[in-house]
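Below is one structure, written out as structure tokens, with a few remarks after it.
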Amino acid sequence: MTKQVEIFTDGSCLGNPGPGGYGAILRYKQHEKTFSAGYFLTTNNRMELMAAIVALEALTSPCEVTLSTDSQYVRQGITQWIHNWKKRGWKTTDRKPVRNVDLWQRLDLAIQTHVIQWEWVKGHAGHPENERCDELAREGANSPTLEDTGYNPD
């Protein structure tokens, strides 16, 4: 039987761009694991993507996942936009390179073995897991330790 897993994610940036962090909660039955990290210079969208990527990459076998995010960018990107980006060689409709392509490609790879239901939750609206992820993300942003080597200000 396929494991049923819940993932909650959030990203934060102090300035955009600026120091940023992500937070994620992975829940399987009564077990819970949290993920958090901070980057010296990044964007909020990159941190939203990283939260989902890190949690999904932690899964060791195919799972049925409900992933909750307050980022429409992540949810729409992975459920709608990515299909045409891939068809166009990772270009947008106006033939420009997709922003954050390194992370979109990593997320695309991370979802391959799972069945994922992407859910949007309103941020800062009292959703307990989203609030906890927001805290984790802000903690990371307030004490960054990593370089976001894929961040490319353009």
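Placement of Cβ uses the backbone N, Cα and C atoms for every residue, glycine included.
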For the Mg(2+) 1 site that Swiss-Prot describes with GLU48, ASP70, which of these is also annotated: ASP10, ASP94, ASP102?
ASP10
Tally every other Cβ atom lying within 10 Å of the Cβ atom of ASP10 (Mg(2+) 1 binding site).
33
If you run the three-state DSSP split on ASP10 (Mg(2+) 1 binding site), which class comes out?
strand
How many whole Å apart are the CA atoms of ASP134 (Mg(2+) 2 binding site) and GLU48 (Mg(2+) 1 binding site)?
10
What other residues of this chain sit with their CB within 8 A of the center of the CB atoms of ASP10, GLU48, ASP70, the recorded Mg(2+) 1 site?
THR9, GLY11, SER12, MET47, ALA51, THR69, SER71, VAL74, GLY123, ASN130, CYS133, ASP134, ALA137
Given the binding-site residues GLU48, ASP70, ASP134, and counting only Cβ atoms in the protein chains shown, which has the most within 10 Å of its Cβ?
GLU48
